[in-house]
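What TrEMBL says about this one:
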BINDING   B:261, B:265, B:291  Zn(2+) binding site
ACT_SITE  B:262  active site, proton donor/acceptor
Ligand SMILES: [Zn+2]
Ligand SMILES: [Zn+2]
């Protein structure tokens, strides 16, 4: 057996433990009764230790050295490179730091669940400070090893290749036109009459529509399921993708759009190349690219008014309301594209969402680089919310800087993925439109060419190319925010 | 840290991996889409290897030696003894034999699924022969190590302390009165008029009754769930017990009695002492004792006609059939106690069930001891079925010697547990009756004293006592089949 093969075997073992963790994690969020939590958390932690041990076994350094001297096929070289990236990521940090981060993050997150409801910034900030300190230590170590800046070294975990330099440019551009766009859209929408659909919309009927739409969107039910959880997510493994949603009897559109979003994530996973399953080269390329697929499905496809033309009759049928004026295609298209600056990121519309992200990016970047401190966050949050969305969060931590889970457990560098995803998605759609008439395909209920394009250019590439290269191969150029801008103007101002 | 504590820690780690295996196994049977099976099986196999490695780490031998010289509290000595038993069981067999057994068993079981349907004994027996050969090898090794006979050494895996000598006696006694009892019961029942309930019985209503009955039976939904699987089982972990059932629209009694049966298994697990969770001393004592709890719930309690008096109104209500004469207490009591010799063990009633077990016991005992060969099975099966139940299985392998899964993967020594469980259950009920009026408690809907008795005498004892000692403490004597006989006569002939 070659050393490359030894490494492959080792990584497949690692992936199999990841499989168990993914399924038990899904179970914990969607099936497990509350009383099972303690033992489950212990079992998952034990597995995490075993997995980490696998990636830090001392012989791996030699194996990588030796494998690099073997004569490998081109795709094996790519696979080796991704295994090595994963190995380096796992071995950079001292065990003690990883453990301290895990404990400190768990403590902060656990307390945050009550503190957020109580608007208790004072106590929360005391827990957040050590989390930030440890993240800075991690950033420092990663920075020294990679030569990247401290924040970039964290960003690289989620969006390999992306840098502060590029983000600063992209977001400066966005900031230059977004506030006025938001204002123009609001003025335009102020003249429109929208009928808000009135519940109750029975859960069973909502589930029925969800499954039907997932079918139309090509979700493979032989390799996945739809269930319920408090916080919707896409989990499981590529051969068995578990997506979840949360139904609201008063509003069927949020669950429906949520299911479509997760279906985008799911198809990326289901579409990953089988020959690379269980190896790093076979994983989704980046968080931003992952989000580009969910946002392609939700924003580019499902909120397109032609697509709403398919959803409306489904809703009218499932809820047995053939004559409900709130469920006409035209009205649902309006409902699905409302724009309104508000406090909560996860509830934000497509137009105001980037403002939430830029705000968080600017704060976490400066926090990790050591330019600001935890105590500075509330004032910065308030000032930026005023600037970007015209809202004040003064004294309102619950709906301000305490709303997200990301920082509580130390996931700094993740937020940009959301807006990168939106930009990638718009760029993919623009490229696709050069090859096909999207609206005609939707009207003909023939979405296959669309999915085939994504499958060929993104899903089947997995991590065998860089994000940049995937974008260039698929669209002819690197990330270009103009497509996102044009998408918003076309949809919201025309 | 003492060596005893080191061992405890090691076993808790082992149990946490077992937790993940239990949940992923439950998922595989009740949730997983078919396309997820291959990757899941690989992941589970990887975990099994890791678990086995934990129990065979070389330092454990020293740790046990050193721990045995430590001054330990009484209950620690018990715990150490059970850890050592588990360790010895895992270390007796050479790795190569374990692997060969796993491969050969999987192959035989996999092919059996089609061969059984095709009544293809010829091909099946070719796969069964090596399975038996390997089981004989295992029995030989275990026999040499334990001093038990070869079959007893396998029996000991499922029912520690039980021997061929005792089983031969118990079953010889049973055989002396069972055939005539069956005949008498059939004659008596021939004169009774029973109305078979006519479906459809909607699944949703069946599930509703199941949940309500589980509640009445004290199932803790904060530490468990009810779901659906093709083959009902009780899985999960003590803090999160997963039971399953299978609904039939034409017959609600089978799912209902199945749920009650699994609830008995579940309460044993949920009732295991928390201070011993994740350690061998905290596990259920034996397969027979486990089955005694499910059969106590199903046979001793639920098929008692006073208890049927509680179930009948539930059924009438859930199915909205207040006047259905098939759903009266009296008729349902008759329905729940029908006796009819038939071919299939899993569908057998309480009276004929032991005949199925004795037959299997006699064959597997002689097979493992080398007194008969695989080729002898069909003729023996036919002869014994004729003798015990008056039925011929000549040429009918599907409903004869190919009906069970147990032998296909080499689980020889398991079958006696079913009938031992039935006997234990009857003995427990007889002892309980000396302390309380069961029928009055049922009528008063006050089952708590019954469950408290089981909790105190069985569940909370876990594996800290031998089965014999549990029986003696709980009932004042060792296993005595007279209670089972008396139970059958009281229920079926009076
Ligand atoms: Zn997403
Ligand atoms: Zn059972």
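Positions of Cβ are set from backbone N, Cα and C atoms, glycine also.
TrEMBL annotations: computationally assigned, not manually curated.
Under the DSSP three-state reduction, residue B:291 (Zn(2+) binding site) is assigned to helix. Within 10 Å of the C-beta of residue B:261 (Zn(2+) binding site) there are 23 other C-beta atoms, taking all protein chains into account. Of all the Cβ atoms in the protein chains shown, 22 others lie within 10 Å of the Cβ of residue B:265 (Zn(2+) binding site).
There are 26 other Cβ atoms within 10 Å of the Cβ belonging to residue B:262 (active site, proton donor/acceptor). When secondary structure is read from DSSP and collapsed to three states, residue B:262 (active site, proton donor/acceptor) falls in the helix class.
Residues B:261, B:265, B:291 make up the record's Zn(2+) site, and a Cβ search at 8 Å around their centroid adds B:234, B:262, B:264, B:290, B:293, B:294, B:295, B:297, B:298, B:421 from the same chain. Each residue contributes its Cα atom, and for residue B:291 (Zn(2+) binding site) and the residue listed as 'active site, proton donor/acceptor' those atoms are 9 Å apart. All chains included, 24 other C-beta atoms sit within 10 angstroms of the C-beta of residue B:291 (Zn(2+) binding site).
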